[in-house]
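Feature annotation from TrEMBL assigns transmembrane segment to 14-34, 107-127, 139-158, 284-310. What TrEMBL records for 177-304 is domain 'Type II secretion system protein GspF'.
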Amino acid sequence: MIELVSTNWAFRGLILLGIFALVALGVLIAMNIFSRRVQTARELAAIGGGNSSASSETLTRQRTEGAWAKIVKEIERTGLSLSDSAESDVAKQLRAAGYQSPSAPRVYTLIRLILIFVLPGLFILSSMLQSEPVSVGQLYFTCALLALLGLYIPTLFVRAKADRRRQEIINGFPDCLDLMLVCVEAGLGLEATLDRVGREMATTHPRISGMLTQTTLLMRAGASREDALRKLGETSGVDEIRSFATLLIQSDKLGTSLATTLRVYAAEMREARRLRAEEKAHRLPVLLSIPLVVFMLPTMIGVIALPAIVMTIREVIPAMLGEY
């Protein structure tokens, strides 16, 4: 089969034509799925007029998640279940990365399955189009390696995005607490404070703004403060915000001053951020010593020891061998 492909140009053309047809079909399906949602988003933007960048980002994410959810639903209609036995752990990881959709675990499983088969398939097609045939052992080993990469690439991507999101939230949360303290001391309630701070931080810290806006919408929809704040802690994936949500719940139940609670917790968060900065500063000398040892020390040793080595080769060794 490989020899036929390598010698028959017509067969190569048919393969390329088939690949082009598959890509064109995928593009048409994607355009059909996205066109209606894009039109709806434009109408909503025209009605709302002047939405923030965070709202635009939320609409884009909802369109993407809706398209993938539709693909998952069509696949599951054929009888293939994309639910994972450890879906709770997967959903927790995806929530930490910012994917809050209920269909996110199934979409995640679908992407892994697609990559497991697509990456080896692309390698097989490329090996068929080469002039020299690939050995069976090399083909098997490369396909297995690409399948493993397709299995773990989404996991690595989700973990990296979760770490980056967590770091952004931790760095911006002390500023959020300071703004909340100002709003509470000005006389605003908790719901109005969350709404105002969420709108004010839409540009500087859009992730925190999105979480606060979602919490405000939950309260307006009829959820209790406790449920909305617990949801805030769960969706954030950050221990500091979970502790903050628990602190607000206890303050609301016990009737303590919200301003005092925010002032104390904001001071603790600023102190924690200062300690993290000092820790990074203290780590710099250790990190700088690695390139110094690897790059500069061998050069210095070479410059210092090279004359002695040359003298030893030219004079000492011949004298020891009795050549003089």
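Cβ atoms here come from the backbone N, Cα and C positions, even for glycine.
Automated prediction, rather than curation, is the source of TrEMBL annotations.
Sorting the domain 'Type II secretion system protein GspF' (177-304) by DSSP state (H, G, I as helix; E, B as strand; all else coil) yields 110 helix, 0 strand, 18 coil. Taken as a whole, the domain 'Type II secretion system protein GspF' (177-304) shows an average pLDDT of 85 in this prediction.
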